[in-house]
Amino acid sequence: MPTGRGEAGPALRGGALGRRGRALPAEPEPEPEQEPEARGGMETTGPGGSGVVGSYDVVVVGGGISGLSAAKLLSESGLSVVVLEARNRVGGRTFTIRNKHVGYVDVGGAYVGPTQNRILRLAKELGIETYKVNIDGYAIHYRAGKSRHFVGIRPSTWNPFVYLDYNNFWRTLDKFGKEIPLEAPWDAPHAEEWDKMTMKELINKTCWTKAGKEFATLFVNVNVTSEPHEVSALWFLWYVRQCGGTSRIFSVTNGGQGKYVISAIPPILTTKIHYNPELPPKRNQLIQRMPMGSVIKCMMYYKEAFWEKKGCSAALFIEDEECPIGITMDDTKPDGSFPAIMGFILTRKAVKLASLTKEERKKKICESYAKAMGMEEALHPVHYEEKNWTMEQYSGGCYTAYFPPGIMYSYGRIIRQPVDRIYFAGTETATQWSGYMEGAVQAGERAAREILHRMGKISENEIWMPEPESKDVPSRPFTTTFWERNLPSAPGLLCLLGNTVFFTSVAAAGLFAYKKGLLIRN
């Protein structure tokens, strides 16, 4: 469920590839006059493969954003395409619910932001409206039973050593990330070393204070819905890098025959498909080694946006093992209707709390909001919606698949490599905003162009096409202060202070001895 956890990004009003949440309509398949390959257009099929008869130029497996983006481009290029989808809906890890209590709500991917130019272009082309998420007011960092207000994308702290830890962690991720090629992270100078290391090990090496380590853990949880001990440091460093760095990322199937196939489903789900001939050994090993993240997306609705009256943006960063939610934001509609707070139950908590009833989760969430915000009104919602993506058998989890330690360096280079006439899309194969809707579009269109190139319709140079920046949502550079760039880490400061004290003591002792005549002169 790639959410655009970016800087005040707009939210899509509606679901996947459809006007206001409706699926992109499939063009009717025309009757073939002579050869099946002469047909143009796109056909979709759901469970049971209804209507899939005959031969197509391309069969796309998976009706999510990536698969539909591939099918759209191929169809517009004059090829006959069929999209196979196991669910009775398209959209994949995006899903819009509509009812009288919520109007509409996206319980999957929903947020887009600057530099996500492909999904912005596609939304504009399909007439999907966007609106800016409310970020007015202060945010809240709740930890150790205390709430601290802050403004911006990073919590403040009174403890100088914790601040140094925060700063050093962000700086280290960005510094290491710059060494990693977006298209080939396995070729980074330290790729093998970093891939043997978990993010937990890197956090322990980078952060000195308990608070710093806990916030770094939350940063991993929020961004990849996995625990630091589960993911490769190389993969996570690349993941942050290909999203534009720490500031950008954290700012808020059945039937038919075809000449070519595009697999646009999460890698681990491709293990459910029978291949003849069998997949190459490395491909077969890779897809068994990329588990999905775990998340429950929760929307709590209230009679009014009480937080706004108190100057709060409803952005909460919660570090408390008893609180189910890790991060929240305001999900009120742009006209002020359906006031709501959206929150994520992440990783281990999503697995643990899945055993509770929906009503029990709702109660725990409300209590957490009331505690963190210090507002009793949070205990009295008027409606609750949730989507447990760990229960989705045709997604396997959300937001994205991740690389455990040792996998990216050994197997990562084949994630996009075609197998004969099978090509691979899906957001996990993207080189920019992998794990997000933007990455899904890039991957789908890239796979489509690979087929067009193989058919001789475009040149090899046209496979990877740069995307012009969105004029509606332009990006702004993030600036860092002199101190953010040059402050030492917490251990570095202690070492500096220790050396300073040592040399000062030596100098003082020498001066004392000199004045007392204790030094022997030759």
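Just so you know, glycine gets a Cβ as well, placed from its N, Cα and C.
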Please state which member of Ser55, Ser66, Ser410 TrEMBL lists alongside Glu85, Ala86, Glu428 for binding FAD.
Ser66
Phe344 (substrate binding site) and Ser66 (FAD binding site), Cα-Cα, nearest whole angstrom:
24
To the nearest Å, how far is the Cα of Ala86 (FAD binding site) from the Cα of Phe344 (substrate binding site)?
26
For Phe344 (substrate binding site), what residues in its own chain, 6 or more apart in sequence, show a Cβ-Cβ distance under 8 Å?
Val222, Thr225, Val295, Ile296, Lys297, Cys298, Ile325, Gly326, Ile327, Thr328
DSSP on Glu428 (FAD binding site), three-state: which is it?
helix
Most Cβ neighbours inside 10 Å, all chains, among the binding-site residues Ser66, Glu85, Glu428:
Ser66
Over the domain 'Amine oxidase' (65-250), what does the predicted model average in pLDDT?
93
Max CA-CA distance, Å, over listed FAD-binding residues Ser66, Glu85, Ala86, Glu428:
19
Ten-angstrom check, please: count other Cβ atoms within 10 Å of the Cβ of Ala86 (FAD binding site), all chains counted.
18
